[in-house]
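Everything on this sheet refers to the single structure shown next.
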Amino acid sequence: METTVKKQKKNLETKKPSIYSLQLHEMQDWLKEQGEPKFRAGQIFDWLYKKRVKNYEDMSNLAKGLRDKLSNSFDITTLNTLVKQTSSDGTIKFLFQLYDGYSIETVLMRHEYGNSICVTTQVGCRIGCTFCASTLGGLKRNLEAGEIVAQVVEVQRALDETEERVSSLVVMGIGEPFDNYDNLMSFLRIVNHEKGIHIGARHMTVSTSGIVPKIYKFAEEDMQINFAISLHAANTEIRSKLMPINRAYKLPDLMEAVKYYVNRTGRRITFEYGLFGGENDQVEHAEELAALLKGVKCHVNLIPVNYVPERDYVRTPREQIFLFEKTLKDRGVNVTIRREQGHDIDAACGQLRAKERKEETR
């Protein structure tokens with residue numbers, strides 16, 4: 001019998017590129033190289049993203065020769081579901097295993113306006129935010145575009161059973177999306193394309209901890225994707241404590257990049273602000289935040305943080321959250337408190353993966 005380690009080594013040795021990593025024009029280019037008509041790309045995408053088949057033999061309108069070429073050249077990436085947790089509010093958290101044995105998290109959230117999915121872009125994270133479970137263990141590797149796409153496909157397969165669909169997505173799972181920029185953009189274009197999963201650009205949101213050079217680059221992209229900054233503090237001292245990335249990309253430089261993005265795109269930006277008891281949740285912190293954002297076309301999303309056992313932070317009391325919100329509103333800031341979901345499962349980003357890793361080391 002093969003051990004898990006041997007299977008993983010075998011997978012690494014035999015791995016082919018993921019077909020989910022190809023954008024439509026890249027599929028057309030590959031078909032041309034194979035002497036095949038480029039219209040076949042649309043048929044292949046239909047099988048992958050509309051019918052969601054798991055093997056090439058099911059692509060019945062393709063000649064066997066083409067199916068064999070596809071099979072010899074590309075893997076249809078499938079993710080092994082290790083854990084599936086369902087919350088009382090309908091939130092579902094998936095722990096998926098990748099071909100090399102690493103695991104990642106994906107979350108399905110149910111809203112009145114539809115189903116939203118939160119995807120992961122890296123195995124682990126290098127950013128080191130002191131409140132986050134995702135960074136425990138550091139960064140292992142970037143996900144390929146196809147591995148990010150496969151998360152959406154797998155969740156959509158789960159929704160097929162109840163004839164539902166993924167209608168929006170947020171790139172706010174494990175990892176820093178802008179540290180995996182090229183694969184991130186390929187993923188977004190694949191899921192946005194009408195022949196792909198076809199999620200509208202305005203129904204997608206990318207969040208960053210503040211990689212300043214990539215904010216300027218993202219401002220030049222030709223997609224109207226929503227953009228969010230994980231801010232969590234409006235002064236340098238507190239933000240550097242919560243988010244060490246602030247030492248590399250200072251708050252004034254971050255705000256300059258934000259203003260460039262807003263002016264270049266005309267789009268409103270969202271600032272995510274997690275409230276940590278006794279750290280950044282007092283009235284004076286709200287006043288600092290309002291001053292920092294004055295004149296910026298933005299929205300603030302206040303986040304009552306989920307408890308992470310490996311971290312020391314505590315939740316801000318409910319009445320303090322409302323006072324913080326009121327302080328911002330009184331100063332003209334557009335603000336909402338994020339609705340809590342998945343509170344009765346391992347809801348914090350990276351928490352389920354950290355729990356699984358801990359079990360494996362026992």
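Every residue, even glycine, has its Cβ placed from backbone N, Cα and C.
Within 10 Å of the Cβ of GLU105 (active site, proton acceptor) there are 27 other Cβ atoms, across all protein chains. The active site, proton acceptor annotation in Swiss-Prot covers GLU105.
The annotation active site, S-methylcysteine intermediate is assigned in Swiss-Prot to CYS349.
If you look up Swiss-Prot, you'll see CYS125, CYS129, CYS132 marked as [4Fe-4S] cluster binding site, on the strength of sequence analysis.
Counting every protein chain shown, the Cβ of GLY175 (S-adenosyl-L-methionine binding site) has 30 other Cβ atoms within 10 Å. The feature S-adenosyl-L-methionine binding site is assigned by Swiss-Prot to GLY175, GLU176, SER207, SER230, LEU231, HIS232, ASN306, with sequence analysis given as support.
Among the features that Swiss-Prot reports, disulfide bond is placed at CYS118-CYS349, with the record citing sequence analysis. Counting only same-chain residues six or more apart in sequence, the Cβ atoms lying under 8 angstroms from the Cβ of CYS118 (disulfide bond) belong to THR106, VAL107, MET109, LEU169, VAL170, VAL171, MET172, GLY173. CYS118 (disulfide bond) carries a strand DSSP state (E or B).
A Cα-Cα distance of 10 Å separates SER230 (S-adenosyl-L-methionine binding site) from CYS129 ([4Fe-4S] cluster binding site).
Proximity to CYS125 ([4Fe-4S] cluster binding site), judged by a C-alpha distance within 10 Å, picks out GLY175, GLU176 from the binding-site residues GLY175, GLU176, LEU231, HIS232, ASN306. There are 26 other CB atoms within 10 A of the CB of CYS125 ([4Fe-4S] cluster binding site), with all protein chains counted.
Straight-line distance linking the Cα atoms of GLY175 (S-adenosyl-L-methionine binding site) and CYS132 ([4Fe-4S] cluster binding site), rounded to a whole number, equals 10 Å. When the Cα positions of GLY175, GLU176, SER207, SER230, LEU231, HIS232, ASN306 are compared pair by pair, the longest gap among these S-adenosyl-L-methionine-binding residues is 19 Å. By a simple count of nearby Cβ atoms, those within 10 Å, the most crowded of the binding-site residues CYS129, CYS132, LEU231 is LEU231. Taking a C-beta cut-off of under 8 Å and a sequence gap of six or more, GLU176 (S-adenosyl-L-methionine binding site) has these contacts in its own chain: THR121, GLN122, CYS125, ARG126, ILE127, THR208, SER209, ILE211.
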